[in-house]
Amino acid sequence: MAIYRIAIGSPREASNPAAIRAAFAEFFSMLIFVFAGQGSGMAYNKLTNNGAATPEGLIVASLSHAFGLFVAVSVGANISGGHVNPAVTFGAFIGGNITFLRSILYWIAQLLGAVVACILLNSCTAGMETSGFALSSGVSVWNALVFEIVMTFGLVYTVYATAIDPKRGNVGVVAPLAIGCIVGANILVGGVFDGASMNPAVSFGPAVVSGTWTHHWVYWVGPFIGSATAAILYNNIFIADHVHEPLSNSDF
């Protein structure tokens with residue numbers, strides 16, 4: 001068995017300067033990511049007059065999210081670890097890399113960042129809709145749930161392999177790029193079926209601004225299951241022979 005501990009943390013973390021700075025870093029990273037990803041979709045809709053979905057549109061969504069996440073993770077990595085995703089934070093918590101109380105700070109910051117990004121987009125575009133995530137025709141909630149579980153598993157597995165594993169060595173340098181690439185690749189797979197969220201905050205922001213909550217639970221339950229599964233398996237299979245040490249504030 002891997003040696004790691006799930007930590008609750010101290011209430012004093014809520015006022016700890018390092019924790020507050022980390023939460024602000026998550027807020028701004030999420031704002032950057034959602035503004036770029038959601039905004040590119042809105043720009044594409046404007047160019048096509050809200051036309052039907054096309055393969056080109058899927059590629060645009062994939063690239064914009066991959067590039068945006070690469071930057072968002074990079075700018076937050078040295079302050080908060082650059083989670084930019086409540087599911088990634090949950091996976092880090094399950095693996096003993098962040099306390100539960102600091103996770104709550106991250107989740108609040110991430111959700112607020114996504115909402116603010118969507119409000120800004122709605123204002124900047126003179127009221128264009130920030131489309132909420134939805135299931136495509138013929139896709140059941142269970143199909144979407146499995147999609148979200150598997151895609152988020154791949155994402156968090158990548159996070160563990162490139163950013164958390166104590167044996168990662170120089171691979172850690174490419175962690176933001178690898179994380180952005182797996183998200184972009186997963187969008188190419190699942191985007192036409194359920195939007196390929198993999199990130200509850202990315203789904204939450206548009207839902208708040210647009211008021212669209214249909215099947216919203218899928219975009220929370222799926223990513224959290226996939227994240228926890230990846231964290232548990234990676235810890236027990238690949239970090240089992242190392243004493244697990246929670247990462248410092250300057251690491252992931």
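Cβ atoms are placed via backbone N, Cα and C, with glycine included.
Per TrEMBL, these features apply:
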TRANSMEM  18-36  transmembrane segment
TRANSMEM  57-77  transmembrane segment
TRANSMEM  108-128  transmembrane segment
TRANSMEM  140-160  transmembrane segment
TRANSMEM  172-193  transmembrane segment
TRANSMEM  217-239  transmembrane segment
Among the ranges 57-77, 172-193, 217-239, the one whose Cβ pairs under 8 Å to the transmembrane segment (18-36) are most numerous: 57-77
Touch test for the transmembrane segment (217-239) and the transmembrane segment (57-77), at least 3 Cβ pairs under 8 Å: no
